[in-house]
Amino acid sequence: MPISIEIIRVFYPTYDYRQRPTLEQLRDGKRTAPVSSVTEDLLAEDLKDSPDEEAGIKKSTTSVLKFGWIQGVLIRCLLNIFGVMLFLRLTWVTGQAGIGLASVVVLLSAFVTTITTMSMSAICTNGEVQGGGAYYMISRSLGPEFGGSIGVVFALANAIAAAMYVVGFAETVRDIMWEYGAFITGDSLHEVRIIGCATSVLLIGIVIIGMEWEAKAQLGLLVILIAAIVNFFVGTFIPPTDEQKSKGVVGYRYDVFSENLGPDFRNGESFFSVFSIFFPAATGILAGANISGDLKNPQAAIPKGTFLAIFLTTVIYLGMVWAAGGCLLRDAVGPVLFSAGNASTIVIPPTNMSNISSTESILQILPITVDSISNCDVNNGTCDYGLMNDNSIVGTASAFRPLILAGIFSATLSSALASLVGAPKVFQALGKDKLFPYLEFFSKSYGVNGEPRRGYLLAFVICLAMTCIGALDVIAPIISNFFLMAYALINFSCFRASVADSPGFRPAFKYYNQWISLLGSLACVAVMFLINWWAALVTFVVVALLYTYIKTKGPDVNWGSSAQAQAYRTALTTTLKLVNVEEHVKNFRPQILVMSGYPRNRPALMDFVSSITKKQSLLISGHIFTGLMSDHVQHLRSNAAYKWMNNRNIKAFYNSVVAPTFRIGTQVLMQISLCDKNAPNNTNQNFTRNMDAFDLKFGVGILRVPEGFDVNRVPDDLIDASEENETDDEYDADSEEEVFVE
């Protein structure tokens, strides 16, 4: 029966429950912890648990705010996917690509996000998902190098996405103000910047107030957004007015549908440039994962909420593409200014000719037909309305235009809120992991919910800077590459974990496939280069530089990544292949078992033997404890020897055994080291007392050092304070040391 920490706490109240009791302690019924040795005090740093383990032991008694799958994932994903593109750019995508290719754009985005969600679901249902969302999943799967580099990129992408949504909101406000003759500066770009900066300040204030208030605001915005979508579909079935017809809203017509079915790329646009503008609309799938630390059950909530959000949004996006393509013209002249002499009149082509007075100064009267409305020559060769020219045509086609404006405000502001909440969470997770020197400042938590207020300010500054660009079509392709890179690594994380075949990778979500994940990863990379090859290269260079920095820094973390599992599998497979490899003198390597004891006590001996192997062949450092196993069980599992050898740049294995005598221990070490082709063929031991090396056909050579190799006699974490007076069986500083080589 497994022994839990709670049982240990009850029966062994004074025992350090971070270290499980030995079998002897359980058998004898000892209820007191062993007396601390001098070594434990001196080397407490080596034995101390990591901060993550200590945090796992502590249980908070304070009630914190946690969300379910609907409010925490579904609503956030819906609001983030139904962002600025829904009302302001989807009609433009339909006009450029046509109904057919626009549907392909939507389905391709859904394909990429669905595969990514499958991979994400497999990873997040494999274990506990803490704060940090995509960064946490990638870093714990691929390791700190990939996780840290993509974490920075992903956090920046979220902060920049907030700016994109704010700019979309500002464009709509500017158009409304100009429609009613209200101006701030009169310059289109400057007004977007001013409105956007003011909006960013308002949003960051809402976010800082708290997650609970922000969640309530999201629910209200979703209701408005749904009403606006319904309002558009209802409006397309209402017979259009004369003014609507002049602006390109002609109702459902077969000839309009046929005309809009194919593509009509203009101004240098192509399928992938249009895709790059639309794709940020699909990036909202990580809105729920970004606050994984605030979910009640992220393993169940993230897959359920995200898949449902992708399905609903894809259906609605396709519905709006087909509705817009079936009843809206690509180009429309709108109300045209006609002039005759000094008189001028704005004429909307009438349906009732009797309403036109013969005394009116009219240059021409146009009948309302699709050809006349889309004839841009009437207006000096330009059309200001229609799918290609009017980003607000959704409001024109709707049943009640103010509700569409409310929907635009809801979609843009809700998406901006979600991004401003998600980015600081990633910054906070990066700071807690201490992968980058300056991000640790943003790891501080505030309140019972651990709010990253410093991260909020960092995201606000980035959002404000990008808002000053003031152009939605410039910002969108930037974040497309960042999000595609994150998606590619999420898919690759699932593929790598599956291929490594680690027993620790057993996700509860079964509807994934490693090859589909690989396909998703390659598709994301391909789309990055098809959208903009130089921007993709820049993204790869940024990630590579961050990866190199973390790799060089070598953070002291152990997250059980798939890279570790793959390294073991590769080593095991290669070792098994060696069984069938025949030996040859040209491939001979000296493989040495050195009876060094604890390596730090005999550094010169280790250096000498290492100079023989030269990091190109096997070197095993053997350490023999004499006595009972119960006296040394804690020391047998120590990794301190590896730390010392790494610091001294010695590539070797360390193996320790407990035996009644030194000779028996030597025999045990030599026998357990015989692992087929990787078995030592040389040994170092006290030759005058032990002839067993010859029996096992080890090569023998003798090195005599009168003063001995012992340098350090201070007990370390492998030698208790009670062992300061070692017997001759263990080692003798004045004895000769023999090194046996072939």
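Residue numbering: from 1, along the chain as shown.
Even glycines carry a Cβ here, placed using N, Cα and C.
TrEMBL: automatically predicted annotations, no manual curation.
The domain 'Amino acid permease/ SLC12A' annotation in TrEMBL covers 72-593. What TrEMBL lists as domain 'SLC12A transporter C-terminal' is 602-728. The annotation region 'Disordered' is assigned in TrEMBL to 720-742. Annotation comment: TrEMBL describes 73-92, 98-125, 146-170, 190-210, 219-238, 271-293, 305-325, 403-423, 455-472, 516-549 as transmembrane segment.
Here the transmembrane segment (73-92) does not lie next to the transmembrane segment (516-549) in space: the count of CB pairs under 8 Å, restricted to residues six or more apart, is fewer than 3. By the Cβ criterion (distance under 8 Å, sequence gap of 6 or more), the transmembrane segment (219-238) is counted as touching the transmembrane segment (305-325), at least 3 such pairs being found. By number of Cβ pairs under 8 Å, the transmembrane segment (190-210) is matched best by 455-472 from the list 98-125, 146-170, 271-293, 455-472, 516-549.
Here the transmembrane segment (305-325) touches the transmembrane segment (98-125). Their Cβ atoms form 3 or more pairs under 8 Å, with each pair 6 or more residues apart. As a quick check, the transmembrane segment (516-549) and the transmembrane segment (98-125) clear the bar of 3 or more Cβ pairs under 8 A, pairs 6 or more apart, so the two touch. Here the transmembrane segment (98-125) does not lie next to the transmembrane segment (455-472) in space: the count of CB pairs under 8 Å, restricted to residues six or more apart, is fewer than 3. Mean model confidence for the domain 'SLC12A transporter C-terminal' (602-728) is a pLDDT of 71.
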